[in-house]
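Student: Here it is, the structure in full.
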Amino acid sequence: MRKLIAGNWKMNGLREDGTALAKTIAERARGNDAPEVDWLVCPPFTLLHAVADQLAGSPVRLGAQDCHYAENGAHTGDVAPAMLRDLCCSHVIVGHSERRQNHGETNELVQAKAEAARAHGMTPILCIGETQAERDAGRAMDVLTRQLEGSLPAAGDGELVIAYEPVWAIGTGRTATADDVRAAHAHVRAQLKKTYGEMSGAQMRILYGGSVKPANAGDLMATDDVNGALVGGASLKPDDFWRIGEAAG
Ligand code: PGA
């Protein structure tokens, strides 16, 4: 399966540096020596428009970091899926652990967002992952099962990407070992097949996220059932982001 290399810029970037970053990635991805991967960048809402302009005519896709589940209405500060689609977003991250932790997002809410994104023709990147305490208690796989059971969108048209991001590995410089990642991804794969059937479950991408860097990308991307990366910090450095794509391609 062709790998997806997705950059999650989080709450970073003003117009000048954000557009420069997008421009650099778009130019490189247009080149003949670009690795055989799918590229995606997910800037903050404020930069979607400007970044879309930079990506036009390049193979780099545009994604958002969150969405509301409703069509429109009295939801101050929120952004509807149709608004993202209107700005040419093809993907939306939902259920990132920073939203689950900082905004109290539940599995049920994440599921509603994923379904709303799909209803508008976008691919949700649904994030799951255990905390350090849950891993230490030997409950990592149970947590993933519970998160998937509670937040997977109902079977239906449209793509779905899962991102396995152990919370303790996000922004910490610590990455899971290849064995941990292999076990978690196999667990997710089995759950996807159970929910959507063998064929569909086998075709959905499962990304790894959590301190992915050029130095560890080769090993991580060569691990069974790892179909790409959701990259935070390193996606803000064009050279690092590019090298992660090369390691995956
Ligand atoms: P990180 O973030 O690469 O900075 O650890 C990954 C993520 O949270 O998506």
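Placement of Cβ uses the backbone N, Cα and C atoms for every residue, glycine included.
Since this is a predicted model, take the numbers as computed values, not measurements.
OK, TrEMBL features for this one:
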type	residues	note
ACT_SITE	H96	active site, electrophile
ACT_SITE	E165	active site, proton acceptor
BINDING	N8, W9, K10, G171, S211, G232, G233	substrate binding site
Student: Kindly point out which of the binding-site residues W9, K10, G171 have a C-beta less than 6 Å from some atom of ligand 1.
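Tutor: Only G171 qualify.
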Student: On a simple 10 Å Cβ count over all chains shown, which one of the binding-site residues N8, S211 is most densely packed?
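Tutor: Compared across N8, S211, the most Cβ atoms within 10 Å surround N8.
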Student: At the Cα level, what's the spacing in Å between G232 (substrate binding site) and the residue listed as 'active site, proton acceptor', rounded?
Tutor: 11
Student: Could you give the Cα-Cα distance between G233 (substrate binding site) and H96 (active site, electrophile), in whole Å?
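Tutor: H96 (active site, electrophile) has its Cα 15 Å from the Cα of G233 (substrate binding site).
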Student: If you pair up every Cα among N8, W9, K10, G171, S211, G232, G233, the residues annotated as binding substrate, what's the maximum separation in angstrom, rounded to an integer?
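Tutor: Pairwise Cα check on N8, W9, K10, G171, S211, G232, G233 gives a maximum of 14 Å.
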Student: So, three-state DSSP: helix, strand or coil for the residue listed as 'active site, proton acceptor'?
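Tutor: Note: the residue listed as 'active site, proton acceptor' is coil by DSSP, not helix or strand.
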